[in-house]
Amino acid sequence: MSSRRHPVQAIAFAQSDSPKLFIAIAETVYAISATTHETIATWKAPPAPVQGKPQSQVLDVTGKAGEDGDATEALPANEEALAATTAPKTEENVESTDVVMADSPPSVSSTVGKRKRSPSATSIAPPETSDPTETTTDPQKSDKKTRNRKKSEKRKAKNAAKPPPPPQPNYIGQLVPIISGNLLAVTTLEDKTLRLLNLETLEVVKEWVLQKRPSAITLTPAAILVGDKFGDVFSYKIPTPSEIEENSEGKLLLGHVSLLTTLTTATSPPSSQQIGSSGDVKKYIITADRDEHIRITNYPLTHVIHGFCLGHTAFVNRLLATKDNLLVSGGGDDWLGLWDWKGGNLLQRVDIRTPVDAMFNREEAKALTEKLRGYNKKRKRREEGAPEVEITIAVTDILEVDGKEVIVVLEGVPAILRYKYTTDNKLEYAGYVKAAASITSLAVQGSRIYFGADSEEGALVSYVDITEGEATAKDFFDGRSFEGQVVEEADVNAVNERLYTAEAFRKGFGGFMEDD
Amino acid sequence: MASSPAPNPVKRQKRIDFRKTEQQEVLPQKRFYRQRAHANPFSDHRLDYPISPQDMDWSDYFPAYFSKKRKLDDTADNSEETVEVQSTSDVKLDTKKVEIADIGCGFGGLLISLAPTFPEKLILGMEIRMQVTAYVQDRITALRNQCSTKKEGQEVVPGGYQNIGIIRGNAMKFLPNFFEKHQLSKMFFCFPDPHFKARKHKARIISPTLLAEYAYILRPGGIIYTITDVEDLHLWMAKHLDDHPMFERLSEEEQENDVCVKIMRTDTEEGKKVARNQGSKWVACFRRVEDPV
Ligand SMILES: C[S@@+](CC[C@H](N)C(=O)[O-])C[C@H]1O[C@@H](n2cnc3c(N)ncnc32)[C@H](O)[C@@H]1O
């Protein structure tokens, strides 16, 4: 593979006074006028703090021997993959010498990365005297303990000898305009930070250092909800202009013991049916994880789980709450789930496989298979007996366009799949919009779809209007070149691993922690 | 059950031979079931779990209480881990649900003591370590067989150990796959792994976020039992349960009058070990309150 243009990995539209498109390319956010298509402002994420682990901290003085297990033990699958390309974690540095119990809910300071701790609990129950009649000992056990200790010491020595990995670019994760506050919420993946930028100037007005790498984001009217790679969801209050300067902290709302892939909110009855400001409206947060779960949690009483939508057999990666208050889910399964989320009922499995297979002729399908296999070094290479054509399905985006149809994007696949509502509120495949290459970002404004594609020849950003009969994509920059960024040949693999992360959530991959 | 290669072929063979014995009544030996002390709750393992509680086939675990949902898949290599079906029951099938869970049950001592105490209730142990699970399974099978071939002078055990089962699973990830909303009346957390370091506190089996899930699975009025010999962990668990709006602590009196608390103090393997070492044990029990309206 040779050098290529870096695609747009995140895109968002803001219908503010002057409509703008925000695009993220590697570490940079661009604000572009939707009318003139000129760049209005840019913001580049600062480099992440160097995270080399000082030698002295490698030795563990707090844990009991043998207690520790693997050095990477607390990493969820996938975070491990990221860890391989990342310097040791800040949280390790902060916490490895820390024996104080973390307070609850854990809070994130808006000024520095260190967590505050409250004094540990003080409720005390009387200790009991133990039964002295039992005296059997187990020599085998102590044997094993020594063995384990030796093992873990060896492991630590090995870790200590590792040179610190080179600094990684501080990629932009998600972009979410907050129109009411004239703000743009931006997450960055390497320094694990949530920032609020001025929507017009892209100046940073506030930042929160997160505990873990952010993986999902959504808005409520008053807060930004951020999900992380360790499954937790924190809430950050959207500040009013007078609150901007105040210190505010993230609040832990809920957590999965899994990688949190996406989250959204919903109400019941749906907002379209709400009359006035009825007090009976219930609000919910809907979260999904790599372990096939979709969870419905009351909001703001997040200690009450309402229910689950269970049925997926592979990771869930995207959720959409539709205008008719149904839930669409997609991830590693060959189908989208259409749910009555309140009752936890799967109404329809919407086929993705058939349209995808019909999209390509054999040569195209072979080329696509190769491409998909090449995206991530942990992905299965073409092995003896592996089929020539094997298009893996990993949903990376689901959006609703103008309340009329649901569009779906799959990792590596150069098309936007369209699904229309039938009269009985099901989804029916309605063709696809062809893209020049795999789609790396997607946004919707009215009946218009904006997307970034990973191609050298095609447009960096394209748009298409679904109300037009043809629905063919046009170049947003109308042939003009855009400064952007070039991926050097040496970085192609590293960039691919940042852009194409969904399929790697699949289990049975072989690379992750499937220990026993 | 998905099975991964056993680490020790000799031990594996011993276990297989042990199970081959028709109607095995001899209790299994722990030493053939050893495994490393800790399993990472975040990792995938090779777990088998139902897509949802409705998809769960309990007949493998409680053959006296459930009919088979699906045919045994002959092609799957699950001969070692599945359970013999016994059809000697006089109970109506498929009328009961698991109601009590021992989370991280280890070698199964609590289950075995609870069995005759609640002969009418189905009690499930969930354990993440495969060999430990296999040991408990063989132990239950042997106890059931002892009961069904009653010898002279042998005491009748209420329930005949048909009401206890063991399943391999990661309770921090997959409880909602096994249990419906409000299904359980009791959950036990006996001597859970302490994960001493603050960095690993997220790996603790009692945490503010997991408590929401336990509250979902427990019915209002249901009880969480915790016991540990690590004071720090006790304080941690009690604090998080105290702070959680869905739980209220049992009074000292209620706690001491609860038969489960007595059993929990004396009958788990870890509890016995602590007693041998003359360690302390801390107990904290909490009731799940009604859902807010
Ligand atoms: C210290 S032992 C206590 C065993 C038993 N309860 C007793 O008191 O003897 C803790 C047990 O919890 C199991 N465990 C840890 N995390 C688990 C999880 N996420 N799901 C199920 N079991 C788990 C461990 O494998 C271990 O057997």
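Just so you know, glycine gets a Cβ as well, placed from its N, Cα and C.
Taken from TrEMBL, the feature active site applies to B:Asp193. B:Asp193 (active site) has a Cβ environment of 20 other Cβ atoms inside 10 Å.
Annotation source TrEMBL lists S-adenosyl-L-methionine binding site at B:Gly104, B:Glu127, B:Ile128, B:Asn170, B:Ala171, B:Cys190, B:Thr268, B:Glu269, B:Glu270. Taking all protein chains in view, 19 other C-beta atoms sit within 10 angstroms of the C-beta of B:Glu270 (S-adenosyl-L-methionine binding site).
Annotation source TrEMBL lists region 'Disordered' at B:1-21.
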From the Cα of B:Asp193 (active site) across to the Cα of B:Glu270 (S-adenosyl-L-methionine binding site), what is the distance in angstrom? 11
DSSP-derived class (H/G/I helix, E/B strand, else coil) of B:Glu270 (S-adenosyl-L-methionine binding site): helix
Whole-number Å distance separating the Cα atoms of B:Ala171 (S-adenosyl-L-methionine binding site) and B:Asp193 (active site) is 13
When you measure from the Cβ of B:Ala171 (S-adenosyl-L-methionine binding site), how many other Cβ atoms are you left with inside 10 Å? 25
Please report the distance from the Cα of B:Ile128 (S-adenosyl-L-methionine binding site) to the Cα of B:Asp193 (active site), rounded to the nearest angstrom. 12
Record lists B:Gly104, B:Glu127, B:Ile128, B:Asn170, B:Ala171, B:Cys190, B:Thr268, B:Glu269, B:Glu270 as binding S-adenosyl-L-methionine; longest Cα-Cα distance in Å? 20
